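> Pasting a structure below so you can have a look.
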Amino acid sequence: MSQAPGAQPSPPSVYHERQRLELCAVHALNNVLQQQLFSQEAADEICKRLAPDSRLNPHRSLLGTGNYDVNVIMAALQGQGLAAVWWDRRRPLSQLVLPRVLGLILNLPSPVSLGLLSLPLRRRHWVALRQVDGVYYNLDSKLRAPEVLGNEDGVRAFLAAALAQGLCEVLLVVTKEVEEKGSWLRAD
């Protein structure tokens, strides 16, 4: 069926969870996978598997509000038949073969505030980047809506800016086959 003259094509449906408690790792997982697969309960179960004999679990907040570490994210992805590969910040981003990467999960410093008051503290925040219908999006759960990054150049520019801040870590979400072959990396 054709569109009316002057009508804009409808934007693709992009799954985007908003921030709740300290569940940014859960939101980043669901956003990068583009569906609700994980919950706080599922993440807590992963924490228990990772440290079954621990009274105070080192993989999450002592308060039980989330703040999950990278081990929880990696175990969650492995449970979906995927892998997380650390990006070596010393490599040029031109070596990243984005078509082989399902998505990216970044760990960024995040300011802490109480209402309008900014505190001199820094926490860590998990953010997902993903391509949907040929367009890359920033799916940060603190954003009201997904932010369009555009094409591969747009996502590389976003990554370069994040890495330039110095405290950013990048995980590539890939299939097991891509991980085993190392085909996410272009040899220059």
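Every residue, even glycine, has its Cβ placed from backbone N, Cα and C.
TrEMBL entries are annotated by machine, without manual review.
Feature annotation from TrEMBL assigns domain 'Josephin' to 11-188. The annotation active site is assigned in TrEMBL to C24, H125, D140.
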> Radius 10 Å, atoms counted are CB only; among the active-site residues C24, H125, D140, which position scores highest?
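Of C24, H125, D140, the one with the most crowded Cβ is C24.
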> Mean pLDDT for the domain 'Josephin' (11-188), as a whole number?
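Here the predicted model's pLDDT, averaged over the domain 'Josephin' (11-188), is 86.
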